[in-house]
Structures are given as C-alpha cells and as structure tokens.
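> Annotated domain 'Nodulin-like' per TrEMBL: 15-262, in sequence order. Per TrEMBL, domain 'NFD4 C-terminal' is recorded for 359-520. Under the heading transmembrane segment, TrEMBL lists 16-36, 66-85, 146-167, 174-194, 214-232, 244-267, 363-380, 400-420, 432-451, 457-479, 491-515, 557-580.
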Amino acid sequence: MVEVGSRVQGFLRNRWLVFVAAMWMQSCAGVGYLFGSLSPVIKSSLGYNQRQVAGLGVAKDLGDSVGFLAGTLCALLPLWAALLVGAAQNLLGYGWVWLAVTRRVPVPPLWAMCILIFIGNNGETYFNTAALVSCVQNFPKSRGPIVGILKGFAGLSGAILTQIYAMKHSPDDAALIFMVAVGPTMVVIALMFIVRPVGGHRQVRPSDGTSFTFVYSVCLLLAAYLMGVMLLEDLVDLSQSMITLLTIILIIFLLVPIVIPVLLSFFSDDDETLYALLLPSPRKEEPSASTSSEEQQEVILSELEDEKPRDIDLLSASERQKRIAALQARLFQAAAVGAVRVKRRRGPRRGEDFTLMQALIKADFWLLFFSLLLGSGSGLTVIDNLGQMSQSLGYKETHIFVSMISIWNFLGRIGGGYFSEIIVKDYAYPRAIALAIAQVLMAIGHFNFAMAWPGTMYIGTLLVGIGYGAHWAIVPAAASELFGVKYFGALYNFLTVANPAGSLVFSGIIASGIYDAEAAKQALQHHNSTLLAMPARVVSMISEAAPSLKCEGAICFFLSSLIMSGFCIIAVVLSLILVYRTKIVYTNLYGKPRT
C-alpha cells in the first residue's frame, strides 16, 4: 500500500505528466486561429462591414502577441495563478462577445468590441507562456522537441476545436463563440495545478528517447488523420453519426500520450523520484556570510572564465576538472589576501539568465528578433492572403489551401524542434542554423508564388507553411539557451511581437497595397473606353469601389512575393551572423569533452 502511494505521488510529480497536460492545454489554447470562423458570425449578427471586421482582426492579432503582462505574472506569481488570470480573460472577453452577438446584452460600440476581442485572445498568451516556461524548465536538455510539440499543438487547436464543434451540430452559429469562451477556460482550470515546474532529475533520461519517439509518432498520425478528415468532409456529405465517430477518434489521439507518465510511474523501475533522491542536497551556508560569499564566489567564477587556458576544453573530463579546481583555488586564495583584483561582472554572460532589460541591450537578441520578424512576418502574410492568392490564380476551393497550410505549419513546428535538437545535441552547433535553413525554404516558397507556374500553389504552401512553423519551434528554444530560462516568459512574449509587426508592414502595407494597385489597373483597362469619354466620373467611381475590386492573374502577388522572398534572404543572413556569434555558447552547453 505504501508503494502504491509513493507511485501515485511520483505520477503527480512526473515531468512527463506536466508535458502531456501542457499538450492538452495547448490543443485548445490557439483560439485566435478560429477567428476566420468567428468573424462571419459577428459580421452578420452585428451588421459590420469588412473594414470593421478587419479592425476586430487587428485587435485579435494584438491580443495574441502582446504578452508582456503574461510574462511578468508568470515570473511573479505561481503558474496556476497566471493560468487562472488567462482563463478569466478568455471567459470575459469571448463570453461578452457571445452575449452581444446573441443580443443578451446591449451591443457595445466597435471600439469596445475590439477591446473584448483583445482581452479574450490575450488569455492565450498566459496559456502559451505557462506551458512553455514549465516544460522548458522540466526538460532543459530537450528544449527543441518540447517547444516544437507544444507550439505545434497550439497551431492545430483551431482544427481540433472546429471538429469538436462539428460534432455538436448546432443550428445556432453563435454557439461556436460560446464554445470558444467556455471550452478552453474549463480545460485550463482543470489542468492549472498540473502544469508547473517540478523538482527532481531534469537531465536526459534513458527513457526520454523512446518517449519522444512515441509522442512524435502520435503527432504525425494526428496530422495525417486531421488532413484526411478535412478532405473527407469536403468531398463527401457525411452523416452526423460519422462526424461524431471521427471526433471521438480525434479525442482518443489526444489522450494517448498519457500512457507515457502512467508507464513510467506505475510499470517501470525507472522512476524519476528515485533519481531525485540520488541528487546531492545543497549545502546550507552560514547566515552571517551568505550574501558576501555568494557575491565573491560569483566574481571569482567570472574571473575563472577569463583566466582558464584556451586549450583546457581539449583535455579529458577528469583532467579538465582538476585543472579548473586548482585554478579556482588559487584565485580564491589570491583574492582573499588581496594579491589579485578580480573584475566584477557587468551582467550575465550568454547562456545565463537575462532579464528582459538586460537582453534588450544585446546584439544577439536583436539579431534573433529581426530574423524572426522578417521570416515569420513574410509567412504570416501568405497565411493572411492565401484565399486571395489562390482566387487570383483561378482556384475555386480556396479553403483547401488554408487547411493544408495549417497542417504544414504543425509539421514545421514539430520538425523544426526535432531537427534543430539533432543539430545542437549531436554537433553542438547553434540552433539558429536550423532557422536559416527554414528561411531558405520560405524564400524558395515565396519565389514559387511569384512565378505562379502550374502546381506552384501547392509547393509554395508546403514550403512556406513548414518554414513558418519551424520559426516557432526554433526561436523560443534558442532564446532560452542564449538568455536563460528564469525570465523566459518575458523574453518569449517580447519576441512574439515580431509576428504582428511583420504582418502589419508586409501584409497590411506592402502586399495589400500592391494588390489594390494591380486591381485598379485591371479595372482601368476594363473601363478604358468609358474612361476616354468620362475620365473624372469613372476614376471617382473606381476609387470608391476600390475595396471591392478583385485582381486576377499571377501579377497580383508577383512583386509582393518577390519582396517577401528577399526579406527571407535577409533573414538568412541575420541568422548566419547569429550562428557565427554564438558558436562558443553551444560548444559550452552541448559540447562533448574529448577523452
């Protein structure tokens, strides 16, 4: 009975249980991906025009990306408290939108609706931050797979929630808004005490390889299954019982990973609590000298990094440890008698814990930020304009490309985490090289969109979707390696601002401006004979109708796609500069000593 109780306690403290719970939370956290399904309901119910709906979309993007408060609260409060704040925001924001759409409360003005959408979608930043912070701290040696899988499930959440809603088959379209308000809130509240950093052995375990392989297999099967379900529902008129069966199978796929912590805790001797007992307990320092000794030791260790011979990393592990210990002892003794003056550190070194303000004055942080801005901003431009891009090339079923890029985005996040982890673990090479490879793929994808050859819509969607998704597995993991995990929430949420900033410039100004200009040219050519007779009147008419003009042909996105491809090439250069600057960091973090 005692053993069963200890096994249960081990299960509740198992870091794989935390990871699985974070996966479930992320599966319903990406409510922003459902805005394309929510906006028609809001538009028809409240009588909005397209420009007003676009304003709500901007509020949604800002809420999804402005996570400074979430990062701060995750650092100051217990993670369950931060998750509770996020759940409350989700319920309040989208719940009030549902009340307004169903006329249960007076309809707020447009600015108030924008605030409600912002509040509701901003709750997602708490879910993302808590999941990433807890799991990165629990798996510090497997950051790539962890971040990739969690961000992948966030990207799939729109498709998952849509399928669950299809099972309900409600004639009331506003019920989808109600589900978005209540569903994620209930899931997060149910899991908020599980998703947290746990004590114990956090290094690579013998069972980790098998466990990650199992999770990756589930992810690939889930992506293939969702793709098949989407195509089946598009091509065949399924009965409600069949839709319900498909949704139940989807839920089973989501529940399967719980097998990992169950097996590790109850059916394996490889229990993490046993490893925790083997760890040396920290020695208690004398209270009277604790502050000064910590400060002096920190300074001495900083000096040690400067004084140790450059060829010391080439020695065997035991010899290197002896040399470092001897050098450290001499420095302590010399500092104690005043024979040497050690230099005080002016801040953390790369690989240590940075606050946001400390990171903001580092060139590496801004290289990472602008590389993300150019890469993910150009990818989000394609995602936002994919319907018009496919329409301009004569495709009628535009939603197929939207569904496809969602799946490629998911696989990009999974694959980006997996392959970047191989690069850093097996070769001790900077993770940013994987970011550069993803941006090369995106540059090729944008070039395919520009050329508009037969079938290039499928190729471009594949390459841009995978490359865009890879950014969100690689960048957070790289940030945690270069700037530490203590303030990771604040750092991550600052980096996410690059996404809407890039989209605002690339999509809102460049792509849309070029599209409208080409559409106006085609309209002028179409009315050329009328313009010769009544130029002023027709020009005025075309100007007023400009928002509804449509562009046809490859010319619509030719120039903007070439510009996006150029931006990706610049991003590649920035990533390679970051690779060059951070080689030594990854050598120290992941390099294997020669024996």
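Cβ atoms here come from the backbone N, Cα and C positions, even for glycine.
These numbers come from a predicted model, not from an experiment.
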> Mean pLDDT across the domain 'NFD4 C-terminal' (359-520), rounded to an integer, is what?
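A mean pLDDT of 89 is what the predicted model shows over the domain 'NFD4 C-terminal' (359-520).
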> Give the nonlocal contacts of the transmembrane segment (557-580) in its own chain as ranges (CB under 8 Å, at least six residues past its ends).
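Long-range Cβ neighbours of the transmembrane segment (557-580): 364, 367-368, 370-371, 374-375, 377-378, 381-382, 385, 388-389, 392, 429-430, 432-433, 435-436, 439-440, 442-444, 446-447, 449-450, 452, 467, 506, 510-511, 514-515.
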> Please determine whether the transmembrane segment (244-267) and the transmembrane segment (16-36) are in contact (criterion: at least three Cβ-Cβ distances under 8 Å, sequence separation 6 or more).
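Contact between the transmembrane segment (16-36) and the transmembrane segment (244-267): present, because at least 3 Cβ pairs are under 8 Å.
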> Examine the transmembrane segment (363-380) against the transmembrane segment (491-515) and state whether at least 3 Cβ pairs sit under 8 A, considering only residue pairs 6 or more apart.
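Yes, since the transmembrane segment (363-380) and the transmembrane segment (491-515) share at least 3 Cβ pairs closer than 8 Å, they count as touching.
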> Take a look at 66-85, 146-167, 400-420, 491-515 and tell me which one has the most Cβ pairs under 8 Å to the transmembrane segment (16-36).
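Between the candidates 66-85, 146-167, 400-420, 491-515, the best contact partner of the transmembrane segment (16-36) is 146-167.
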> What else in the chain is close to the transmembrane segment (400-420), if you only count residues 6 or more beyond its ends and a Cβ gap under 8 Å?
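For the transmembrane segment (400-420), the list is 33, 36, 144-149, 151-152, 155-156, 158-159, 216, 219-220, 223, 226-227, 230-231, 234, 382-383, 386-387, 389-390, 431, 434-435, 438, 457-458, 461-462, 464-474, 477.
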> For the transmembrane segment (174-194) and the transmembrane segment (66-85), decide whether they are in contact, meaning at least 3 CB pairs lie under 8 A, counting pairs 6 or more apart in sequence.
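As far as Cβ distances go (cut-off 8 Å, pairs 6 or more apart), the transmembrane segment (174-194) and the transmembrane segment (66-85) touch.
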> Top stretch among 146-167, 214-232, 432-451, 491-515 for CB pairs under 8 A with the transmembrane segment (66-85)?
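Looking at each of 146-167, 214-232, 432-451, 491-515 in turn, the most contacts to the transmembrane segment (66-85) are made by 491-515.
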> Are there residues at least 6 beyond the ends of the transmembrane segment (491-515) whose Cβ is under 8 Å from a Cβ of it, and what are they?
61-62, 64-68, 70-71, 125, 128-129, 132-133, 354, 356, 359-360, 365, 368-370, 372-374, 376-378, 380-381, 384-385, 388, 475-476, 479-480, 483, 551, 556-557, 559-560, 563-564, 567
